[in-house]
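According to Swiss-Prot, the features are:
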ACT_SITE  C400  active site, nucleophile
BINDING   C77, C83, C86, C166  [4Fe-4S] cluster binding site
BINDING   Q276, F305, N310, E326, N353, D374  S-adenosyl-L-methionine binding site
DOMAIN    5-64  domain 'TRAM'
Amino acid sequence: MRKVKPKLNLTSQTARIVNLSHDGRGIARVNGKATFIQGALPGEMVEFQYTRVKKDFDEGKLLSIIEPSTLRVEPKCPHYQMCGGCSLQHMSAEEQIRFKQSHLLDLLSRYGHTEPQSMLSPLTSHHWNYRNKARLSTRFVEKKQSTMVGFRERNNPRFITEINQCPILNSKIDTDIVHLRKLIDTMEDKQCIAQIEVAAGDNEVALIFRNLTPLTEQDELKIRKFAEQFQYKVFLQPGGLDSVFCFYPSDAHAYLSYELPDYQITFQFHPNDFTQVNAELNRKMVTQAIQLMELKNSDIVLDLFCGLGNFSLPMAKHCSRVIGVEGNKNMVERAYMNAKSNHITNVDFYAANLDDVMEVRNLVNTSFSKVLIDPPRSGALEIVKQIDSIDPERIVYVSCNPITLARDTDILVNQKGYVLITAGVMDMFPHTAHVESIALFQKG
């Protein structure tokens, strides 16, 4: 028998916000049931309207704030209420950090069944114009006869938020979004460009145009003029990821670069490569990871999910040898290229299935005193399950998902005999609910 959906009560309601959810929404208790309200802060009395009724929880739209929190600030971005690029601009920067640290500790306790012996001071950076990588959606709207360029709407991802600026994006893109819109407005095929990937190095910014159909000669000319006038490297992507090529300048090499000045290392990367979005925070993160490793000249270090060598190369300057293992062959090639260009010879890189520790052990037949793990959001479950085959004395775990960090912590601490010495948050994505963290485990 078909279930009847509960009817929404569209009359306005009032409630006191008692907490924040993991994604930064305010939580109210209405008739004993949790109601999630975007934009509300703990302690506030708010007026809201129900938008969804579920069995275990409800969702509501914030209508007004009757009693505001002292933690509330005015969002800097004029598009904040609609745009899905941010979710915490209404919260003070200091409170954002406290929220993320509390969330990390809660998950470590609830799912990791432990707590760190000490907490690291949070790593922070500039809160604005920090984001060096982003994917912007584009769409020409016939009714308006204009192009929309921006992030998806927060409450309706089918739609694009029409933005004129973005204070979290790299400052050059923040300024030039309007010009990007004008470019597509003038093209012969205004529906051709589906999205624009932004990738910024220390000195250059690249744009990858995802073109659904071949560009006309006139449109190619317009893109070249745009790139020349506003000083961009432009790449085109007519098909899959392997179809990306440098369109302008036609004689340019395909790489951008960023530096780790403390280690006198320069990394080259393709705009499609994975790199950290926040360059300032990345520099601080690398330094903190190396400090936590307490590297000695005799150490042989295993760097899992090593990417293009972001941790491997600076670590190599402080120990005997580093072995980096990565699942993506292209990134392994990039890591070798960066090692060579920086004259670092005590590193080796391998491509392997990182869900199969025995494959890694067969490739790398040596023992390791220390391991650095920097996995994707899915975490490092298979690695921590089989950590006995590596048996390091010290593990530094860099996480972009506190839920999988907590899960893996439970295994390391409660099954494998490690102690969670310290942990802390890294504010890689200010004004969002994303929690990046770092943790140190020592063999008990």
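Glycine is treated like the rest: Cβ placed from N, Cα and C.
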Name, in the order they occur in the sequence, the residues of the same chain whose CB lies under 8 A from the CB of F305 (S-adenosyl-L-methionine binding site) and which sit 6 or more residues away.
V325, E326, G327, L354, I373, D374, P375, P376, A380
Binding residues Q276, F305, N310, E326, N353, D374 (S-adenosyl-L-methionine) - maximum C-alpha distance in whole Å
22
Let me spell it out: for each of the recorded positions (C77, C83, C86, C166, C400), count the other Cβ atoms within 10 Å of that residue's Cβ, using every protein chain shown. Which one has the most?
C166
Out of Q276, N310, N353, which has the highest number of nearby Cβ atoms, where nearby means within 10 Å of its Cβ, if these are the binding-site residues?
N310
Of the binding-site residues listed (E326, D374), the greatest number of other CB atoms within 10 A surrounds the CB of E326
Pairwise CA distance, C166 ([4Fe-4S] cluster binding site) versus N310 (S-adenosyl-L-methionine binding site), rounded so that it is a whole Å:
27
Name the secondary structure element type, per DSSP in three states, that contains E326 (S-adenosyl-L-methionine binding site).
strand
Whole-number Å distance separating the Cα atoms of C83 ([4Fe-4S] cluster binding site) and C400 (active site, nucleophile) is 22
Under a three-state reduction of DSSP output, how is C400 (active site, nucleophile) classified: helix, strand, or coil?
coil
Taking only the CA atoms, the spacing between Q276 (S-adenosyl-L-methionine binding site) and C400 (active site, nucleophile), expressed in whole angstrom, is 11
Cβ within 8 Å of the [4Fe-4S] cluster site's Cβ centroid: which residues qualify beyond C77, C83, C86, C166?
H79, Y80, G85, Q89, F151, T161, I163, P167, I168, H431
Return only the integer: C-alpha distance in Å from N353 (S-adenosyl-L-methionine binding site) to C400 (active site, nucleophile).
20
